[in-house]
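> So TrEMBL lists the following for this protein:
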type     : residues : note
TRANSMEM : 31-52    : transmembrane segment
TRANSMEM : 64-85    : transmembrane segment
TRANSMEM : 91-113   : transmembrane segment
TRANSMEM : 120-138  : transmembrane segment
TRANSMEM : 144-164  : transmembrane segment
TRANSMEM : 176-195  : transmembrane segment
TRANSMEM : 215-237  : transmembrane segment
TRANSMEM : 258-276  : transmembrane segment
Amino acid sequence: MIGIILVLFAGFFEETSNSLGKKIITEKVKEFFIVGFLYLFWTTAIFFAIALFRGEFIFKLASLPFFIPRAILEIMLAHVGLVALREADRSTFSFVRIITIPLLLAVDFILGYSITATQFLGIIIIVLSLIILMLRSGLNFKGIGYTIFTAIVAVITLSLYKYNITHFNSVEAEEGVIYLILTIYFMIRATSASGELPFSYLKKPKYIMLSATRSLAAVVGSFAYIFAPATVIVAGRRAASVFLAVLSGHFYFRERHVLKKLVAFIGVVAGIILLAL
């Protein structure tokens, strides 16, 4: 239950940052990598601050065979994820990423994590709601290829993350180092693209909101994986994001088919309830 509560908070903060980020990179193409940097800067700082405060920065060299592939995939995921955010509708972006759930379920079984029959039913209902929505043409397929890529790669990165924090590293160390690598990547790309360091954007109110909400989503969401299998956490987080994305897509980005999306979301809500039982 604690994991689901954390996930709902993470979903709210994530959708807030995604909506603001989409608006910025759609209107100002040159700020593409700057948004990526802002997504990551404070998140990195928070993870290292938590590690310092708790004194639990545990990073074992034995984790490197799993950590290095994850780091490479996370760079790809973060970059393509921003492209998907820019190109796809908000609701399409959130709905399609639900395909991560059944793939993670298979991985959870392989890794030996237990999934109850009720939770399994909840996951099935969520996935069926997405399939029905797609069959009824409630989604705009622009940018869907990028979104599908992020949904599939996320299965690998989340599985590696869950494995590392279970057997080797503390959450703070695992995520702190990953986010540091991503921050450096986007800082280099942003500096190369704009000719200036992106730190000045950290002083502007709109970008402060972007960075703060993204950081809260990442930190809260990361600790949620301690309390439940990856499948359950991702299902809850994706479901929360779908509802908020449908609302922001309709009222903020003027997307269509809102009624079809809300009907599909009813199934998603039912799935969340079953996940929390």
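Each Cβ is built from the backbone N, Cα and C atoms, and glycine gets one as well.
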> Output the single range from 31-52, 64-85, 176-195, 215-237 maximising the number of Cβ pairs under 8 Å to the transmembrane segment (144-164).
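Ranked by Cβ pairs under 8 Å, first place goes to 64-85.
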> Residues of the same chain, at least six outside the transmembrane segment (176-195), with any C-beta under 8 angstroms of its C-beta?
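That would be 30-34, 36-37, 39-41, 43-44, 47-48, 51, 57, 59, 67, 70-71, 74-75, 78, 218.
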> How about long-range neighbours of the transmembrane segment (31-52): same chain, 6 or more residues beyond its ends, C-beta under 8 Å?
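Cβ under 8 Å, 6 or more out: 17, 21, 24-25, 78-79, 82, 86, 170-173, 175-176, 179-180, 182-183, 186-187, 189-190, 193-194, 198, 201-202, 207, 210-212, 214-215, 218-219, 222.
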> I need to check the long-range neighbours of the transmembrane segment (64-85): which residues 6 or more away from its ends have a CB within less than 8 Å of a CB in the stretch?
18, 21-22, 25, 32, 35-36, 39-40, 93, 143, 146-147, 149-150, 153-154, 156-157, 160-161, 163-164, 168-169, 174, 177-178, 181-182, 185-186
> Should anything in the same chain at least six residues away from the transmembrane segment (215-237) have a Cβ under 8 Å from its Cβ atoms, list it; otherwise answer none.
2-4, 6-14, 17, 42-43, 46-47, 50, 98, 100-101, 104-105, 107-108, 113-115, 119, 122-123, 126, 154, 158-159, 161-162, 165, 171, 175, 179, 271-272, 275-276
